[in-house]
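Student: Okay, here's the structure, questions in a sec.
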Amino acid sequence: KFILLGITDTPWAQAPLFGLFLLIYIVTLAGNMGLMVLVWVAPSLHTPMYFFLAHFSLADVCYSTVISPRMLTDLLAGDKTISWAGCVAQFHLFALFVTAECCLLAAMAYDRHVAICHPLRYVLLVSPRACWHLVACSYLVASLSALLYTGCTFGGSFCGPRRVDHFFCDASPVLRLACAHTRGRELAILGLASANGLATSAAILLSYGRILRAVLGMRSAPSRAGAFRTCASHLASVAVFYGSLFFMYLQPASWHGGQDKVASVFYTVVSPMLNPFIYSLRNTEVRAALGKCRRRMLNL
C-alpha cells in the first residue's frame with residue numbers, strides 16, 4: 001500500500017479546502033454534463049464542432065472524477081492509504097483521459113481549420129463518419145499511451161518509504177519510491193509526454209497558422225470578427241490546458257518541487273471547471289440553444 005500525503009497536512013486548512021474543492025467538483029460535473037445534454041438535445045448544436053466539444057466535456061468529467069473524490073476523502077479521513085492496484089488504476093485512467101483531451105483539442109483545431117479555410121469541402125472532410133474516426137483514434141492513441149506511461153511508472157519494485165508526496169498517484173512522486181535507478185523510465189516518460197504534447201500542439205499551431213492566414217485575407221471586417229470569435233473559446237482552452245500540462249510533464253524529474261501540487265490542482269481540478277464557461281459564456285450559439293431549451297421547459 002501507498003500513503004498519499006495530500007495537498008496539505010495542516011489540520012485547520014483541510015476543512016476549508018474540502019469545502020472549496022467540493023464546490024469546484026460539483027460545478028465541474030454540472031457544467032460539463034449540462035453542456036453534453038445541451039449538445040444532445042439542441043438540433044442547432046448537432047455539428048462536428050459541438051460533437052467534439054461533447055466528448056471533450058466527457059473526458060473532463062472522467063479524469064476529474066478519477067482525482068477529485070479521492071482527494072476530497074483524504075482531506076477529511078485519517079486513513080490516507082491506497083492499495084498498489086488502486087494507485088495503478090488511478091494513474092492509468094488519469095493518463096488515458098488527459099491524453100485523450102490532447103488529441104480531442106487537436107481534432108477540434110482541425111475542424112475549425114476546415115470550416116474556415118475549406119468551407120465548400122467542410123461537409124465532405126468533416127462528415128459524421130470522419131468525426132467518429134477522429135474520436136476513436138483519440139481514445140486509441142490515449143489507451144496505448146496510458147499503457148506505456150503506467151508500465152514505465154509501476155514496472156519496477158518499490159521499497160523503503162511508502163509516502164507519495166502528492167494528492168494522487170502521479171508518475172514523478174511514485175518513481176521516487178522505486179528501489180532501482182529510474183533514470184531510464186523517467187526519460188521514457190518524458191519522451192512519450194513530449195511526443196504526445198508536441199505532436200498535438202504542433203497540429204493545433206499548424207491549423208491556427210493557416211486559419212490566421214485565411215482570416216487576414218478576408219476583405220470583410222465582420223467576417224474576420226466572426227472567424228476570430230469562432231476560434232477564441234478553443235484557443236482559451238488550449239492555453240489553459242497545455243500551459244499547466246507542459247509545466248508539469250515537460251521537465252526532468254529532478255526539477256519537480258513543491259509547486260507541482262499547485263500546477264496539478266490547476267489542470268486536474270480547476271481546468272475542467274473552466275471549460276464549460278469558456279465555451280458557453282462567449283459563444284452565441286450555445287447561449288441561443290440554452291435560451292431555447294429554457295423557454296421550451298417553461299412552456300411545458
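Just so you know, glycine gets a Cβ as well, placed from its N, Cα and C.
Found this in TrEMBL, in case it helps:
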type: DOMAIN; residues: 31-279; note: domain 'G-protein coupled receptors family 1 profile'
type: TRANSMEM; residues: 20-42; note: transmembrane segment
type: TRANSMEM; residues: 49-68; note: transmembrane segment
type: TRANSMEM; residues: 88-110; note: transmembrane segment
type: TRANSMEM; residues: 130-149; note: transmembrane segment
type: TRANSMEM; residues: 187-206; note: transmembrane segment
type: TRANSMEM; residues: 227-250; note: transmembrane segment
type: TRANSMEM; residues: 262-281; note: transmembrane segment
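Describe the structural context of these features.
Tutor: Over the domain 'G-protein coupled receptors family 1 profile' (31-279) the predicted model carries a mean pLDDT of 84.
Note on the transmembrane segment (88-110): residues 49, 52-53, 55-56, 59-60, 62-63, 66-67, 70, 82, 126, 134-135, 137-139, 141-143, 145-147, 149-150, 153-154, 168-171, 174, 196-197, 199-201, 203-204, 207-208, 234, 237-238, 241-242, 245, 268 of its chain, located 6 or more positions outside it, place their CB under 8 angstroms from a CB of the stretch.
Long-range contacts of the transmembrane segment (187-206) within the same chain: residues 99, 102-103, 105-106, 109-110, 141, 145, 148-149, 152-153, 171, 238, 242, 245-246, 249-250, 252-253, each at least 6 residues beyond the stretch ends and with a Cβ under 8 Å from a Cβ of the stretch.
Same-chain residues lying 6 or more positions outside the transmembrane segment (262-281) and placing a CB less than 8 Å from one of its CB atoms are 7, 21, 24-25, 27-28, 31-32, 34-35, 53, 56-57, 60-61, 63-64, 67-68, 71, 94, 166-168, 170, 233, 236-237, 240-241, 244-245, 247-248, 287, 290.
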